[in-house]
Amino acid sequence: MRTEYWIVIGILCYAAFMVFHGFSNFKQTSKSAESFFNADRGVNSFVLVCTTAISVYSGLSYYGYPSGVYSGGIGYLAAAGCAVSGLLFCLIGYRIWILGKEYGFQTPSDYLRERYYSEGFGLFVAILLVFFSIPYIAVQLITIGEGISVTTNGVFPYLPAVLLGTVCVSLHIIGGGMKSVAWLDTFHTILGVCAVYIVVIYLVTKYFPNGGLVEAATAVASNPETAKTLSTPGPSGVYTWKGILNMALTGAVATIVWPHVFMRCYIAKSTKNFRVMSWALPLAHLVLTFGLVIVGSILAPAILGSNFPEPDKVMPMLANQYCTPLIAFVSILCLFAFAVSTADSMLLSASAMASRDIYIRHFYEKKGRSVDSRKVVYFGRVVLVVEMIACIVITVTKSASIIDYAYKLSSPFFAIFSRVLSEASFGKREQKRAL
């Protein structure tokens, strides 16, 4: 049997595992909205670190970090946000957790609605966050489809691959909610780290058998065309000390306002979670990105040279053309880990806001109509189905404008939104409550 068929079988088994894992928690997460959307606010420190860290890294990060380092130099590592990620969760995330636990907040919009005493503002925030989330989710699914198609040499075409990824991710969330998402993210964190370093170890031992990584780094440093990759300001001249500081501070300063990361603040079990997050989250970011940076700064220049025509495809080129089929399969699993972790988290957060903050809030609670907590979960699952259909429509078109929109429009919006969150968390009225 051809290797591509074995890879397809492995992908199908992985997809079946995802769906089974989600529905194994169906009964438990159906009992209340807090259970479905916030995992009963009982996630331990290790799981919280893993689910938060991997949720930040999208499918494009798996391709983007090696590409960014290859094109811009080692200074791109500052984009990992290791310098501020732990600080954000200690200063802002802890306050969100306290207020969420005291007042029952479950989404970013209900937190801000109560802080600013404005129903209109809460609705505005919910609509915008849902609107900006959908194309970003679609980008992850497009990445999965492209990765599967390339790795299997077209045996598993793009469209069926996208449909498989979309349906499996959606069913996983519908079945288990935040609890399943958090635990699968933990598995994906371990899988992603192992997969990246397996690719790195294979490339080093295969192509640099005499001196290993030192041999590869020496080859890069001795070539004037590639040596700039290992130094600052890098080939593009961007990463001066000012550029590095800018990347370090802005790379993750707006991360906490991403709706799926914001909701991670609600699911913590105790204050211990945030003490652990202060040092473990930056470390997790570093471990996740360091292997990708090695690929972009050392292995890619040493193997491909300095003039590779498509820098965005550095990682898939090395994995698919310079590694064995088994290693290529490991690489696609790593892509899954990055893309699925972001897609399922953002789908769940969009579902929570669309069902709770838009539909339930304005069609039930504002009209004085009571609604059973289980019915809220039901509405959330219905919204997930609608979101799944919307993502399929977007991914089938495979429009380049979707990727452009997701990064050039939605990311700056989240950064602007961080000011609103800071005021909500550190304003005098809210500060008294949080303390």
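Note that the numbers count up from 1, one per residue, in the order the chain is shown.
Glycine is treated like the rest: Cβ placed from N, Cα and C.
Positions annotated as transmembrane segment by TrEMBL: 6-26, 46-65, 77-100, 121-143, 155-174, 181-204, 244-267, 279-306, 326-355, 376-396.
Most Cβ pairs under 8 Å with the transmembrane segment (155-174) belong to 376-396, among the candidate stretches 121-143, 244-267, 279-306, 376-396.
Long-range Cβ contacts of the transmembrane segment (326-355) within its own chain (Cβ-Cβ under 8 Å, at least 6 residues beyond either end) map to 6-7, 10-11, 14, 18, 37, 51, 54-59, 61-63, 106-109, 126, 129-130, 133-134, 136-137, 140-141, 143-144, 147-148, 151, 165, 169-170, 172-173, 177-178, 181, 184-185, 188-189, 191-192, 195-196, 198-199, 202, 258-263, 315-316, 319-320, 376, 379-384, 387-388, 391. Away from its own ends, the transmembrane segment (279-306) comes close to residues 45, 49-50, 52-54, 56-57, 61-62, 65-70, 73-74, 76-77, 80-83, 85-86, 89, 189, 192-193, 196-197, 199-200, 203-204, 207-208, 213, 216-217, 219-220, 223, 225-226, 229-230, 235, 252, 314-315, 317-318, 322 of its chain (Cβ-Cβ under 8 Å, at least six residues beyond either end). With a threshold of 8 Å between CB atoms, the same-chain residues lying at least 6 positions outside the transmembrane segment (77-100) that come near it are 38, 41, 52, 56, 65, 68-69, 106, 111, 239, 244-245, 247-249, 251-253, 255-256, 262, 264-266, 268, 271, 273-274, 277-283, 285-286, 288-290, 293, 421-422, 425-426, 430, 433-434. Long-range Cβ contacts of the transmembrane segment (181-204) within its own chain (Cβ-Cβ under 8 Å, at least 6 residues beyond either end) map to 18, 21-22, 39, 43, 46-48, 50-51, 53-55, 57, 172-173, 212-213, 216, 267, 284, 287-288, 291-292, 294-295, 299, 303, 318-319, 322-324, 327, 330-331, 333-334, 336-338, 340-341, 344-345, 348.
Note on the transmembrane segment (376-396): residues 29-30, 32-33, 35-37, 134-135, 137-138, 141-142, 145, 159, 162-163, 166-167, 170, 173-174, 177, 347-348, 350-352, 354-356, 359-360, 402 of its chain, located 6 or more positions outside it, place their CB under 8 angstroms from a CB of the stretch.
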